[in-house]
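J.: Below are the features listed in TrEMBL for this protein:
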type	residues	note
DOMAIN	4-139	domain 'Nudix hydrolase'
ACT_SITE	D298	active site, proton donor/acceptor
ACT_SITE	K364	active site, schiff-base intermediate with acetaldehyde
ACT_SITE	K393	active site, proton donor/acceptor
Amino acid sequence: MSERIERAAGGLVVRQGRQGREVLMIDDAYGKVAFPKGHLEPGETWEEAAVREIFEETGVRARIIGDIGRIEYRIERNGSPVRKQVRLYLLEAEGDDSPVHQVEEVNAAYFLPWDEAKTRHDERGYANWSFAFAKAEAVLHWRDGGFEEKFRKLPLAAPMSDVDAVFAKARPTLAQLVAACRDELRHTLPQVQGFPAGEVSLPRPEPDGEAVRTAIESTLLRPEASEIDVQNLCAEAIRRKWPTVCVSPRHVALAKRFIGHEAVRVCTVIGFPHGTSTQGALRFEVADAVASGAVEIDMVGPVGALVEGDLATWYEAVRAVVDTARQFAAPPVVKVILETSALPIDAVIKGAMVAVAAGVDFVKTSTGFHAGGALVADVAAMTMAVGGRAGVKASAGIRTPEAAKLLLRFGADRLGTSAAGKLLP
């Protein structure tokens, strides 16, 4: 019997009260203290449903300012199996109106001071949302510190001294966010083990030119690239001793033949550039890439799954590629692309952590086909998230020696670039 899927959305709503931050809570029909939430109506998005349900249950209008998380569980309704998917958001109340609860489904709705709300939820709330306050606190600290603007939007052209100064202020909050995301994953993905928890030292010492050279993956993934373009890429890599070239799948065999026994690795991409391939297609692409001569594979994970908090689907896709790669006598290095410019910072952290639990060798920022590319903040967040269990590849938009050194200083181990010749004298 197939499962029916039911989706619900709601959130943790905050406002500034006379004595500090307050949280909107409800007493539900089952005697529990909870957060307002309810079912998605046909045609609604997760976000629209969350805002509507909060208003309908409590009379409080609110706007979304962040994500708390997503849980799934199975129930039986009228003798039929149901797969329940629930997303909670972090919201800010608009105005200071007192809650008015919906009598049919909610016994009471009220604002409580933060600490009191947390204590009450710990005592009478649902255990599967026990991570919610820690996650909300971390997201609020990131927001209140202005780090999305001050740190995450720093251009690669920013002076290293400026980046160092901003990172010194942002690091405690980023570490708090990493810890909160790890706790979230332990609650929302209990079937997955081995989330990274190691400490890393950032920033690293300023790298020299040799460090830049050994990190370069000279890349040519333009759809219009010709065989001559690929041969020229490989020739330059051999001449300038760049360790890796990254080419499209149809050019792998050509690159391998041209390079011969030279010390240049051939990397290719799968699920590229959108991350919409099925697991079966990804498995085939791995086998085909290895047969053609690739020794490294950059996969685009299902970015849409990360966007809607579906970490289980993300894990399964990455794991499928890792398992396929490990079947070979000489397994290729596996890197997973998150497409960080499409994600909030907490999704970047969670995507990296789950990828490491799935067994990848590297996490990578970008395809170069999305609106944005590598950012210092994302590289630092990914480095802290993987905790030394995997490498970090920064890619897209790296076109100057200063940008290359900046990204290496803040955690990158590899640099994917179509402008490798500009990174070194």
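Glycine residues also receive a Cβ, built from the backbone N, Cα and C atoms like all the rest.
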J.: How far is it from K393 (active site, proton donor/acceptor) to the residue listed as 'active site, schiff-base intermediate with acetaldehyde', counting Cα to Cα, in Å?
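T.: K393 (active site, proton donor/acceptor) and the residue listed as 'active site, schiff-base intermediate with acetaldehyde' have their Cα atoms 4 Å apart.
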J.: In whole Å, how far does the CA atom of the residue listed as 'active site, schiff-base intermediate with acetaldehyde' lie from that of D298 (active site, proton donor/acceptor)?
T.: 8
J.: Can you give me the same-chain residues 6 or more apart in sequence from D298 (active site, proton donor/acceptor) with a CB-CB distance under 8 Å?
T.: C246, C267, T268, V269, I270, F272, K335, V336, I337, K364, K393, G416
J.: Which numbers of helix, strand and coil residues does DSSP report for the domain 'Nudix hydrolase' (4-139)?
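T.: Looking at the domain 'Nudix hydrolase' (4-139) with DSSP, the answer is 35 helix, 66 strand, 35 coil.
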J.: Neighbour count, 10 Å Cβ-Cβ cut-off, for the residue listed as 'active site, schiff-base intermediate with acetaldehyde': what number do you get?
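T.: Neighbour count, Cβ to Cβ under the 10 Å cut-off: 30.
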